[in-house]
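Visitor: Here you go, one structure.
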Amino acid sequence: MQKPEWLRVKAPQRERIGAVADLLLDLKLNTVCQEASCPNIGECFAGGTATFLIMGPGCTRACPYCDIDFDKSVRELDPTEPERLGEATQRLGLKHVVITSVNRDDLADGGASQFVACIEQIRRRSPGTTIELLVPDFCGDWDALAAVMAGAPDVLNHNIETVPRLYKKARPQAIYERSLELLQRVRQGWPRCYSKSGLMVGLGETDAEVIEVLADLRRHAVDIVTIGQYLSPGPKHLPVDRFVSPEQFEQFRSQGESELGFLQVVSTPLTRSSYHAGEVQRLMQEHPR
């Protein structure tokens, strides 16, 4: 299936992204921008921002839509990773940093302690930086979630990814209701934290199902949602079922904000979980907690 014109992006210029890429290489840090082949890497790197991928790059799950490598081997966490991440945040002068991780189902706490260590190092090196975490479901271990939230992130993101009908195909190791419960627990237990989720379209869902998911997310007290076009990483991954028009993405945004009451819905073909994540600082000023 040929990509429509609105999904064509210019290849990033080496000189525009080189400084960020070189720094990440120097500090031996992974980014989801690189590991997941994000189409916005040129724009984000050129703006001096990145979404850090910790505890990776290998993931203990093999979701058929994802471009991150599968690795079921048990690996020790790198105790120097949080300090290196804090240094990168300081050297890049980031005002808002996003930290995500691969799934680490091999760890007793799912990697919660590493998230907290990263928060502590960023706050030590760059106290004015707001912090967003994009976390896995921790296999429903709510003690692990509580451990992460004890670090007091400004934003907690957990992606719902797709509509419930497609979970067996796209997220066979995840449970739709469990993801909703995680998001609701964040808002109920830590009401000052802004909650966020995201989903892809183009996997076989209908527009009506997308709206139903948005309604579910709002009922579970989610504040911010991202919606973007699924792009298959390769022939071994799930194929694209459809390309959603920019007009329909705008309709999702409009309904989500005006009818369902989200603080923000970022919905464009090239939107990804952390795309324009720094805008959350404006939302925090407009809707203080």
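Heads up, the Cβ atoms here are built off N, Cα and C, so glycines get one too.
So Swiss-Prot lists these for the protein:
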type: BINDING; residues: Cys33, Cys38, Cys44, Ser274; note: [4Fe-4S] cluster 1 binding site
type: BINDING; residues: Cys59, Cys63, Cys66; note: [4Fe-4S] cluster 2 binding site
type: DOMAIN; residues: 45-263; note: domain 'Radical SAM core'
Visitor: State the count of C-beta atoms found within 10 angstroms of the C-beta of Ser274 ([4Fe-4S] cluster 1 binding site), not counting that atom itself.
Guide: 28
Visitor: Report, as a single number, how many Cβ atoms besides its own are within 10 Å of the Cβ of Cys66 ([4Fe-4S] cluster 2 binding site).
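Guide: Result for Cys66 ([4Fe-4S] cluster 2 binding site): 21 neighbouring Cβ atoms inside 10 Å.
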Visitor: Find, for the listed binding-site residues Cys59, Cys63, the residue with the lowest Cβ contact count at a 10 Å cut-off, counting only other Cβ atoms.
Guide: Cys63
Visitor: For the domain 'Radical SAM core' (45-263), provide the mean pLDDT of the predicted model.
Guide: 92
Visitor: For [4Fe-4S] cluster 2, what surrounds Cys59, Cys63, Cys66 with a Cβ no more than 8 Å from their Cβ centroid?
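Guide: Along the chain, the qualifying residues are Arg61, Ala62, Tyr65, Asp67, Ile68, Phe70, Val102, Asn103.
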Visitor: Please classify the secondary structure at Cys59 ([4Fe-4S] cluster 2 binding site) using three-state DSSP.
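Guide: Where Cys59 ([4Fe-4S] cluster 2 binding site) sits, the three-state DSSP reduction gives strand.
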Visitor: Under a three-state reduction of DSSP output, how is Cys66 ([4Fe-4S] cluster 2 binding site) classified: helix, strand, or coil?
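Guide: Assignment for Cys66 ([4Fe-4S] cluster 2 binding site) reads coil.
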Visitor: In Å, rounded, how far does the Cα of Cys59 ([4Fe-4S] cluster 2 binding site) sit from the Cα of Ser274 ([4Fe-4S] cluster 1 binding site)?
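Guide: Ser274 ([4Fe-4S] cluster 1 binding site) has its Cα 19 Å from the Cα of Cys59 ([4Fe-4S] cluster 2 binding site).
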Visitor: Could you state the whole-number distance in Å separating the C-alpha atoms of Cys63 ([4Fe-4S] cluster 2 binding site) and Ser274 ([4Fe-4S] cluster 1 binding site)?
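Guide: Distance between the two Cα atoms comes out at 19 Å.
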Visitor: Between Ser274 ([4Fe-4S] cluster 1 binding site) and Cys66 ([4Fe-4S] cluster 2 binding site), how many Å separate their Cα atoms?
Guide: 16
